[in-house]
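Inspection log for the structure reproduced underneath, given as structure tokens.
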Amino acid sequence: MNRLAVELPGLSLKNPIMPASGCFGFGKEYAQLYDLSKLGAIMIKATTPETRLGNPTPRVAETPAGMLNAIGLQNPGLTKVMENELPWLEQYDVPIIANVAGYITEDYVAVAEAISKAPNVHALELNISCPNVKQGGITFGTDPKVAEELTRAVKAVSSVPVYVKLSPNVTNVNDIGKAVEAGGADGITMINTLLGMRLDTKTGRPVIANVTGGLSGPAIKPVALRMVYDVAKQVSIPIIGMGGIATIDDVIDFLSAGASAVAVGTANFVDPFVCPTLIDELPNKLDELGFNTVSELVGRSHRL
Amino acid sequence: MNRLAVELPGLSLKNPIMPASGCFGFGKEYAQLYDLSKLGAIMIKATTPETRLGNPTPRVAETPAGMLNAIGLQNPGLTKVMENELPWLEQYDVPIIANVAGYITEDYVAVAEAISKAPNVHALELNISCPNVKQGGITFGTDPKVAEELTRAVKAVSSVPVYVKLSPNVTNVNDIGKAVEAGGADGITMINTLLGMRLDTKTGRPVIANVTGGLSGPAIKPVALRMVYDVAKQVSIPIIGMGGIATIDDVIDFLSAGASAVAVGTANFVDPFVCPTLIDELPNKLDELGFNTVSELVGRSHRL
Amino acid sequence: MIRQEQMQVVNQRQIATNIFELTLSGHLAHEMNQPGQFVHIRVSDQLEPLLRRPISISSINKEALEFTMIYRADGRGTILLSEKKQGDQVDVLGPLGNGFSIDKVQAGQKALLVGGGIGVPPLYELSKRLVDKGVQPIHVLGFQTKDVVFYEKQFTELGETFIVTADGSFGHAGFVTNVLETLEDDFSVYYSCGPTPMLAALEKMYPEKEGYLSLEQRMGCGIGACFACVCETTEKTDADYVKVCSDGPVFESGVIRV
Amino acid sequence: MIRQEQMQVVNQRQIATNIFELTLSGHLAHEMNQPGQFVHIRVSDQLEPLLRRPISISSINKEALEFTMIYRADGRGTILLSEKKQGDQVDVLGPLGNGFSIDKVQAGQKALLVGGGIGVPPLYELSKRLVDKGVQPIHVLGFQTKDVVFYEKQFTELGETFIVTADGSFGHAGFVTNVLETLEDDFSVYYSCGPTPMLAALEKMYPEKEGYLSLEQRMGCGIGACFACVCETTEKTDADYVKVCSDGPVFESGVIRV
Ligand SMILES: Cc1cc2nc3c(=O)[nH]c(=O)nc-3n(C[C@H](O)[C@H](O)[C@H](O)COP(=O)(O)OP(=O)(O)OC[C@H]3O[C@@H](n4cnc5c(N)ncnc54)[C@H](O)[C@@H]3O)c2cc1C
Ligand SMILES: Cc1cc2nc3c(=O)[nH]c(=O)nc-3n(C[C@H](O)[C@H](O)[C@H](O)COP(=O)(O)OP(=O)(O)OC[C@H]3O[C@@H](n4cnc5c(N)ncnc54)[C@H](O)[C@@H]3O)c2cc1C
Ligand SMILES: Cc1cc2nc3c(=O)[nH]c(=O)nc-3n(C[C@H](O)[C@H](O)[C@H](O)COP(=O)(O)O)c2cc1C
Ligand SMILES: Cc1cc2nc3c(=O)[nH]c(=O)nc-3n(C[C@H](O)[C@H](O)[C@H](O)COP(=O)(O)O)c2cc1C
Ligand code: FES
Ligand code: FES
């Protein structure tokens, strides 16, 4: 019996660690460094119906213990992803979670319906929380009613379980979590980035061409952990937690707070081997803490 | 003519730099280290009608490039602040901004009416954004209507201009900013802390007895800067900016984003001399950037 | 007077498993007048780790303008501190707080000093001062295991010294209280620094004795401004609360709700 | 193959105002086959500063398993890097990207190498390889002022070298283009690395020539996964965009909208 294994709607994970969407492209680049079959799953870059060229550059900026990004959901579009990216990933024994985005509900529905039929796509992640696009994205993630309806519309057409990715840029994240659960979501992924900005002190100009960007990395871990801890109390569907995870202790903290699995984003840029390293470190950490399986650890902070 | 001087409602500041509320007590401690008359102003610890003993300990925890706190608005209460703290501060040539807090509107009104009569209190800062108290605090800062009414009620009784301190834990900070302006606020101070938490990885227990706490320090600067930049576009009243300020470049960034002055909180714990140091560094920085006065710099990012 | 100074590392050495002895030099040492005070140390000039670390002063050498600390390199900050080498600079704020008073104990009398783990260091300067005053110190020092025991020799040179280890791997086995029970209580004052349960046990054991306890709390500012480090008080004082950093870290026994 | 390795500092020295030459050793150097590639460096093992810094490879010594970089210590990360001493470890990811191709230029022909500021370093390994191939390099290197000029001697040893400073404090005054105008264009290929305006000027000057330009962009991953470093392309290619880190940093002239 594999003590790291985690069973989630649509996902039989070898281990609870996966790269977060947008920080791992479609896997090709990291495949040069290690065997992707080692990963619990892969959350691929957001896919939209059409090809998107994203925002002007600069698109990233460094901040204290974090970074800002405003990529703007650049991606080759549904057709190319279905024809090139997903088939290429089939050579690896790893479930794919397809991150779905769009301007309007119909976009989400169109992408979800098609991409959920790809053999290696085992779940969808609805990106209703991208802070870097003018239309769509976050606008769906800040109003409970809108989030619930979008979830319901996508559930109606998806061939695989649907996870909804929550934005931290809200007054009450619990309401959004409960709303998407009511809309039929099979799970929640959280958190997306916090809206932030950096100025070039010399010129006074925003460093990022898009003016604002999404804050990620260790700096946001306390906010992410608090939100996972709160939402875990409110919903009965599983949570895949993320936000600043860089070390094995971070992984333990998110599982303790109630996440059933975790995703690693920005840390891949700092240490490209971070995911396999965390997977290797997890068993010893479980021993050290006196837990047999990952599942035993999940939500322990709520049981103390 | 003093190139660092800033004129704000009720406040003739020698310079735009002041310690943030709760990070400087009532001044006595830092007075052992330097002459408080050097400061642009002092934002004193939140004052409530009654004595408050605050939350259980531990009350603080370190996070990546930041810290969490859940002090719980501990303070000696209105009477003692009026009788001991404010008179003691009169020996210094520095305007006091009194941070006002309470459970219900009547608390705010009572404290505001009385404390605004103290000779050295030149402005009030309504704390409708404290994340660490069960009642009052942030509950006033997340609903525009409630924030507007509280502002109006306090304005009606205050003998000095009223600044309202905004919470970053909202979906749309602009709406709150516009609401308090409509309620008659003379200025805005922002931001208060972001709600966060830290777990003890060994035990899975929250490090902070209050479970959650307010995140402050350099980690939150990108969020604070973005909010100041956005709100400055929406309101015509002045903003005192704060959130992660530790270096002279941080000061410049907040002024560029539209803050007329800045407050320094957490950085006082890291470097107790940070405020006088920043004040000393400011003139050279202005020269380096080619500005004669602080006022010329304010909001430059919006004019590019 | 409280000062902030870039002090120089005179010497740093490991004296037990993960336990380091660090000696710094600078004018700040000139301000150190009382045993039991502490300093607030910035371990990195980057933004990470951010907060200062409070560490007790374990011995003072005013003539040489030097002082010594003993600490356990455990978390991120103290591990960084343990990497400082001779000649490196360390940003120190101090001396902070109020230490152990030796006014009420007279030459010829006995004083009991009880330390637990990293609570032991401040007792060393205290013991030296008691000896200088003609007071006879008795040391009871508790550690987890043999490999984290330190300064046995130094304390023995100053007076009778009992070492206790929780696992019995060195000295007496068990808790300091097990040894205390075997001692006659002919001492006129006791001093203690260590885990709160130990301090509570001492108060219970010696309700009639005059005692001084050094407490620990998570800190922000370290100088009394942020209200991070407060402790609840008892009827024995009319203060509603005290701050460990500026009112303490040393308090008279019975004053704090431990 | 891309590797990540803790490489050892063989030598670091300042060669001009705020300009450092850093030589590292490790197996990673064995993977370096092309001039113009870069490495992605982690400057601190703390969380701050967080991101890696991209720095070009300026020369490679495969036998010794060493390579050298030249960089300006300017912001927080590069200043930290400049404090590394002999024997220290540096976390390096690389070699990354595609460098300068020397396939299309033949022995006996001339090649023009134009560098600006911190764009000069990658041209050094390139020039050595051209010389090895029997190609005759002409170097035109632009700097702001005299005190940031570096490697004049090294380039001169390889071929004709013109130094240009914006303030005229050394060599020719003005921009590299001022010198280029005075040169006859009997070279068969040109290579350039430096500020985008300079690259744009070169494309305008030599529309008919075969050229290779090395670009800069802010980076996240450095290996092609995050879409941080994309550039707009022209009709000359059917790709909608390119990534500087993995498709570049070197591109054929005319391919990128500069
Ligand atoms: C007045 C006083 C005197 C002290 N004297 C000594 C001494 O002489 N020798 C010694 O080894 N230790 C001493 N300590 C404990 C010491 O401060 C902590 O061990 C140290 O701060 C832990 O930092 P870290 O980087 O190792 O751990 P981290 O886990 O990185 O620390 C994270 C944060 O928690 C705080 N923290 C963690 N543990 C403690 C603690 N036990 N007390 C207070 N804050 C803590 C840190 O200061 C930091 O802000 C003293 C504490 C106080 C309050
Ligand atoms: C492919 C490539 C090759 C390079 N080769 C060299 C070289 O050989 N020598 C040299 O001195 N410089 C080189 N640079 C520029 C170098 O990467 C930056 O000067 C450096 O990253 C600045 O970091 P900092 O810590 O000094 O500044 P900071 O202001 O602390 O940097 C903050 C963030 O912005 C990024 N950044 C800042 N300036 C640049 C820039 N010009 N290009 C890309 N990212 C930047 C940093 O990487 C970091 O993520 C190269 C850049 C690229 C893209
Ligand atoms: C460069 C970059 C690109 C991202 N792109 C996406 C995306 O396409 N879709 C999405 O849902 N989240 C995206 N994110 C958010 C991450 O998936 C993750 O939610 C966030 O970065 C917090 O995790 P971290 O702190 O570990 O990076 C992106 C983040 C970064 C840094
Ligand atoms: C220990 C601590 C106590 C605080 N107490 C108060 C308070 O009483 N009233 C208030 O309005 N803000 C309080 N704050 C928030 C600060 O005033 C400031 O808004 C916030 O910390 C962001 O600034 P910084 O990043 O510079 O610390 C407190 C912050 C800290 C760290
Ligand atoms: S640590 Fe700030 S009051 Fe004690
Ligand atoms: S830096 Fe990530 S794609 Fe180029």
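Residue numbering: from 1, along the chain as shown.
Cβ from N, Cα, C; glycine included.
The domain 'FAD-binding FR-type' annotation in TrEMBL covers C:2-102. Sequence annotations record features per position, and here TrEMBL assigns FAD binding site to C:R53, C:P54, C:I55, C:S56, C:I70, C:Y71, C:R72, C:G77, C:T78. Annotated [2Fe-2S] cluster binding site per TrEMBL: C:C221, C:C226, C:C229, C:C245, in sequence order.
With DSSP classes pooled into helix, strand and coil, the tally for the domain 'FAD-binding FR-type' (C:2-102) is 12 helix, 49 strand, 40 coil. Counted within 10 Å of its Cβ, the other Cβ atoms near C:T78 (FAD binding site) come to 19, all protein chains included. Comparing the binding-site residues C:C221, C:C226, C:C245 on other C-beta atoms within 10 angstroms of each C-beta gives the minimum for C:C245. In this entry, C:C226 stand out among the binding-site residues C:R53, C:I55, C:I70, C:R72, C:C226, C:C245 as having a C-beta under 8 A from a C-beta of chain B. If you average pLDDT over the domain 'FAD-binding FR-type' (C:2-102) in this model, you get 96. For the pair C:C245 ([2Fe-2S] cluster binding site) and C:I55 (FAD binding site), the C-alpha distance works out to 11 angstrom.
According to DSSP, C:C226 ([2Fe-2S] cluster binding site) sits in a coil region rather than a helix or strand. Listed in sequence order, the residues C:I41, C:M69, C:L81, C:I118 complete the 8 Å Cβ shell around the FAD site centroid, once C:R53, C:P54, C:I55, C:S56, C:I70, C:Y71, C:R72, C:G77, C:T78 themselves are left out.
Taken in sequence order, the binding-site residues C:R53, C:I55, C:I70, C:T78 that lie near ligand 5, meaning a CB under 6 Å from one of its atoms, form an empty set.
Proximity of the binding-site residues C:T78, C:C221, C:C245 to ligand 1, judged by a Cβ distance under 6 angstroms to any of its atoms, singles out C:T78 in sequence order.
Counting only the Cα atoms, the space from C:C226 ([2Fe-2S] cluster binding site) to C:R53 (FAD binding site) is about 15 angstrom. Proximity of C:I70 (FAD binding site) to non-local residues of its own chain (separation of 6 or more, Cβ distance below 8 Å) is seen for C:I15, C:I19, C:F20, C:E21, C:L22, C:S58, C:I118, C:V120, C:P121, C:Y124, C:F150, C:Y151, given in sequence order. When Cβ atoms from all protein chains are considered, those within 10 Å of C:C229 ([2Fe-2S] cluster binding site) total 28, not counting its own.
Binding-site extent for FAD: residues C:R53, C:P54, C:I55, C:S56, C:I70, C:Y71, C:R72, C:G77, C:T78, maximum pairwise Cα distance 15 Å (rounded to the nearest whole number). Of the recorded residues, C:I55 (FAD binding site) and C:C229 ([2Fe-2S] cluster binding site) place their C-alpha atoms 15 Å from one another. In this structure the C-alpha atoms belonging to C:C221 ([2Fe-2S] cluster binding site) and C:R53 (FAD binding site) are separated by 10 Å. Cβ contacts within 10 Å of C:R53 (FAD binding site), excluding its own Cβ and spanning all protein chains shown: 21. Here the Cα atom of C:C229 ([2Fe-2S] cluster binding site) is found 21 Å from that of C:R72 (FAD binding site). Taking a C-beta cut-off of under 8 angstroms and a sequence separation of 6 or more, C:R72 (FAD binding site) has the following same-chain neighbours: C:N18, C:I19, C:F20, C:T78, C:G117, C:I118, C:V148.
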